[in-house]
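Trainee: Got these off TrEMBL a minute ago, pasting:
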- 10-453: domain 'Major facilitator superfamily (MFS) profile' (DOMAIN)
- 58-79: transmembrane segment (TRANSMEM)
- 91-112: transmembrane segment (TRANSMEM)
- 118-139: transmembrane segment (TRANSMEM)
- 151-175: transmembrane segment (TRANSMEM)
- 181-202: transmembrane segment (TRANSMEM)
- 267-288: transmembrane segment (TRANSMEM)
- 303-325: transmembrane segment (TRANSMEM)
- 332-354: transmembrane segment (TRANSMEM)
- 360-387: transmembrane segment (TRANSMEM)
- 399-420: transmembrane segment (TRANSMEM)
- 426-449: transmembrane segment (TRANSMEM)
- 481-508: region 'Disordered' (REGION)
- 489-500: compositional bias 'Polar residues' (COMPBIAS)
Amino acid sequence: NWSGSLIVASLTGAFGSSFLYGYNLSVVNAPAVYIKKFYNETWERRYGFSVDQSTLTLLWSITVSIFAIGGLVGAIIVTPIVKFFGRKCTLLLNNVFAVAAALLMSLSLLVGSFEMLILGRVVMGVDAGISLSALPMYLSEISPKEIRGSLGQVTAIFICIGVFTGQVLGLPQIFGQESRWPYLFGAIIVPSLVQVVILPFLPESPRYLLLEKHNTSKAEKAFQTFLGKADVSQEIEEVLAESRVQRNTKLVSILQLLRTRSARWQIATVVITMGCYQLCGLNAIWYYTNNIFSGAGINHETIPYVTLSTGAVETLAAVFSGLVIERLGRRPLLIGGFGLMTVFFAVLTISLTLQKSVDWLPYLSIFCILAIIASFCIGPGGIPFVLTGEFFQQSQRPSAFMIAGTVNWLSNFTVGLLFPFIQSGLQTYCFLVFAAICFTGATYLFFVLPETKNKTFHEISQEFAKRNKVSLEMQEMNHYPGERKSSAEQESNFTSSVDNGGTKKGIV
């Protein structure tokens, strides 16, 4: 099932998209001291006096957290973009934001403008917000149902690789020096150029071509390219079967989706899963890592190299999840990941509280950090994006990803804004807050989440139709009562469009 085109599309799409998201999460950590010095020197040159510490802290906090604001903007504008340009073209056009951000941030030192660096972080956030919706949408629509979960995990794997790459390039021997830190941001151009060169030679999403552009001929060729076989009549029939139930492939707006009774539990599950994805405390772990390593007696100069272990564990766990997701399923990995995080957060709280009284407890804290990261990447790190692509029908998917992206980025910004206050108020007990969030997420998913492994989109909709206590077909017929065609007319149109496209055998 893993054709060459499918592998190239997933790797190229992820390298120019989710990789850059992960890279920009970690890239600001290593040069933080030098960037703050640059801010201070720029301020002194302009105003004739050094910036006070509170203002400098505020500028740095804005630089780091404003990435999430850009991501929120990207998540909001992605729906009309994927509607008019398609999934693949959206990924290609999105590189304009990445290149612009790279130029702004890498040239800020040369120009002497810290505003350029902050603006670049905003623009890079827009790129991330678009890509984290468009990429999972594209991957879910080009992959066979048998490997849809594994292919969807490519998003999470490349986020982890991006984080690790940012840590490696930030080492003092590479770009983690005062004169070289702009190169860390200029390197963003490389994945964008790779995507721009390779992705145009690959097809658009066949489901988008068939259901939204009504181009049966191109959809058939796209299926043949991605699946690596000539007879794709079964795949086209599955897509048409979903559309016959929908009665209409016109895109559903966010307001219409929120009012759709047959999608209520899907929306609630996506909102809770995405909220827990960001609020589960992993960002806080990155914030606290250096302090914990210092408490374990690790030399300050050695900590950047020890921190690489966190990125390595993250990447290995994400790869492991991608290998086993089609065997174990989404449900056990997601629930198990949140459950293990709950346990390790509780143990971490105990070890941090008592580590000054027991010599070996700091090393238990290090183990807990690595275990939390691994537990996150095994399930919660990538599966929420997979589920968002699987829960909704073609007409609902862009709006669903916009809702998921909005929750994702708002939660991201909330953690960045509130964690310093939570940490200062609760000290080591702050991690109990994240343990409670992980426990809540695991409990909800245990009672609500169905297994979606190896199921078509229509079968997944039927699973939720039972929970929503509504007839799936009747609900879809009521989506657009004023515009709906009769069943006979719809069937006739499908038969005609497929025959005209040359795919006749056993479809309708």
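Cβ from N, Cα, C; glycine included.
Quick one: where do these features end up spatially?
Mentor: Taking Cβ pairs closer than 8 Å, the transmembrane segment (181-202) reaches residues 5, 8-9, 12-13, 15-17, 19-20, 23-24, 27, 30-31, 34-35, 88, 91-92, 95, 98-99, 101-103, 105-110, 117, 120, 124, 166, 169-170, 175, 225 in its own chain, all 6 or more past its ends.
Away from its own ends, the transmembrane segment (303-325) comes close to residues 26, 30, 149-150, 153-154, 156-157, 159-161, 163-164, 167-168, 170-172, 176, 286, 289-290, 293-294, 333, 369-370, 373-379, 381-383, 386, 453 of its chain (Cβ-Cβ under 8 Å, at least six residues beyond either end).
If you look at the transmembrane segment (332-354), the same-chain residues 6 or more away from its ends with a CB under 8 A from one of its CBs are 273, 276, 280-281, 292, 295, 321, 324-325, 361-362, 364-365, 368-369, 371-372, 375-381, 383-384, 387, 428-429, 431-432, 434-435, 438-439, 441-442, 445-446, 449.
The list of residues near the transmembrane segment (360-387) in space but at least 6 beyond its ends in sequence, with Cβ under 8 angstroms from a Cβ of it, reads 132, 136, 140, 148-149, 152-153, 155-157, 159-160, 269-270, 273-274, 276-277, 280-282, 285, 289, 292-293, 295-297, 309-310, 313-318, 320-322, 325, 330, 333-338, 340-341, 344-345, 347-348, 351-352, 354, 404, 441, 449, 452.
Within its own chain, the transmembrane segment (426-449) has Cβ neighbours under 8 Å at 265, 268-269, 272-273, 275-276, 279-281, 284, 330-331, 334-335, 338-339, 341-342, 345-346, 348-349, 352-353, 380, 387, 419, 467, counting only residues six or more beyond its boundaries.
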